[in-house]
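Q: I'd like to ask you about the structure that follows.
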């Protein structure tokens, strides 16, 4: 799918053409703030008038910072020339575009002059100011440009006024963020970089969203549940004498975020009726509190972006501008992923090929993906995924390609993406990252089932192509959940430290001088955290290991992340942190599925599981006779791969690592594309007919999943690797400690993928040799202020009764004494 804007040309100025365009007023979108004052002249009519006026640039004078902008907007002399060039480019773009997407009449465009809202001395209200720069004024204190933590902008377009309230997205860059470029053939590294990337909302519009960068004008988008608006500055139309910078703004229908989508994280997949036809997405119910679910827990995808040489040349041969473009794109992607997938996209590095391309740039994305995968293995920076942005037009049906489910892998956690406008690249990058996360493309036949029919914008992973979509369908979200449940994405659970900016309360990262930081208010429990300080008596404010009523750590051994399968490891609280430990799984080679499978990369690999994943729940692996009979023949029906036009015979030792043979195949695979036809084969063996069918099923990255997966068992203590059957010991994995009897982890634990012992419930130590007493896993409930006990009540009652009796008896005795005195007092008058 190639989104609009994937071409390197500037966007068209439709909706403000100088001939034949309607310049009448337009109705504003629902939820936008109507412009005050008299009706505003439409931008196209204003442009015609201003272009006919004598040039005013020479008479303009630079004003001091903070001076008010004049009431009339000002356009410089180059505007008309550049608008003509842009119009020509628009015609060329629409005539020559290879995209399979039709430009919709619903898209509208205008020219606007945005302004930043500031406060003047002795004024209580904001006023518009034409300078859009958000750099803090006292830069000499810092070794890099520092931008304001908060900013507001006013944009008038389509008959409405929008006020955008922004907060610096301090979750975008990690503390280890580095920028790389080349000089004299050698890489040059620099820590940090300019950070001008904001998230926010439209003032007064509920559930609105904004993602903008302000490094060089305004780049990005905002939406109000009805329309999506894309904004960027017009190139070469602005100079220092200008009183305002023209921007082009596009309006198109937004994806409708239904209530079901907003509440999706609280629902179980098997509650949706359409999933009866998506059985492969279903998994067992998890006996764990949903608040500790692996999908609901926030995840962090650490991303590295690489820009090719043509992308660098496009940005005026400035690696700073090129890097800013990449950061702007990732800022947009992060705004999509964190809301719908509970996943933050954190940029750890940007590399720009300033001198030459480091790999061959071709129009064949499959070839380029394979070459880039080899290059990625030479990169030293840690990243969960590395993606290339290339200013090339692929001879391919889509604008990106990545390895399906490849995140966390140094060889497969990569992707290649076409360059274009920021919003278009953000959508392309969202799609290729989704492929890395096990999310499939959605053919049009699945669109009604996946709930992508509510809006013109469609969904991100639609195969037919959509324009500026920001919505993942139900199917996509369930596939991501399924990917996590199968053990994928283990690297996504290590929370990176906050970026290099100064400490700021409210960004969601606990920094120097802070005890807690709620970020968005919903991230903290109750009253545990106030102004980035823990409340009196509180030990924590958030996380699966923080008691949400007492604000105390859960006890050591309290389960905080359930194992999602036999090859996963349950994580337990440490007793001294509110956060759950990193997500680990068993080391490759452990037996699973009743000794029928082997753990590999956190998944239980069996031929049955692979057949069901490709062909549905009724499929199963064929009888061993099929593999021994067919894979030794070296034909289309059975082989160990292909060398040119020749099928490779499997040795008898490797027959279970060759062509995948299954029973009960469906007409079409659940993933990938069928290459050729299904090869039905059957034999009469030991008094019964056995099914030995197979097929070549190819993913977009050219991977043929019609062969037995790596990690699948092929004999006692043996597993497949690169279509060879190898001893597990030959994999040279790091080993965990052994006891004197040679038992791993003393026989009281399992070895993790980090070669550390995860001990059983009552054992501890690096080798699990120390007996640990049973822990209290159920912390006492918060009972509030302690009241009197039953014993104290009884004692108090008895004491009270004795005291009352004493008072009564004493009073009676005193009264009796007085009676006696009155009876025998000789001075007393009257009868007795």
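Each Cβ is built from the backbone N, Cα and C atoms, and glycine gets one as well.
On a predicted model such as this, the values are computed, not experimentally measured, just so you know.
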Q: Which is it, of 545-550, 551-556, 557-562, 563-568, that Swiss-Prot names as region 'May bind the integrin receptor'?
A: 563-568
Q: For the record in Swiss-Prot, which of the ranges 772-792, 793-813 is the transmembrane segment one?
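A: The range carrying the transmembrane segment annotation in Swiss-Prot is 793-813.
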Q: Would you please say which range out of 1-37, 38-74 has the annotation region 'Disordered' in Swiss-Prot?
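A: Here Swiss-Prot associates region 'Disordered' with the stretch 1-37.
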Q: Calculate the distance in Å between the alpha carbons (Cα) of residue 491 (disulfide bond) and residue 736 (disulfide bond), and round it to a whole number.
A: 20
Q: Spatially, which candidate from the disulfide-bonded residues 452, 745, 757 is nearest to residue 475 (disulfide bond), comparing Cα atoms?
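A: Ranked by Cα distance from residue 475 (disulfide bond), first place goes to 452.
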Q: How many helix, strand and coil residues does the region 'May bind the integrin receptor' (563-568) contain under DSSP?
A: 0 helix, 1 strand, 5 coil
Q: Taking each of 452, 580, 745, 757, 759 in turn, which of these disulfide-bonded residues have a Cα lying within 10 angstroms of the Cα of residue 751 (disulfide bond)?
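A: So the list is 745, 757, 759.
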Q: Give the residue from the glycosylation sites 547, 548, 664 that has the most other Cβ atoms within 10 Å of its Cβ, counting over every protein chain displayed.
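A: Selected residue: 547.
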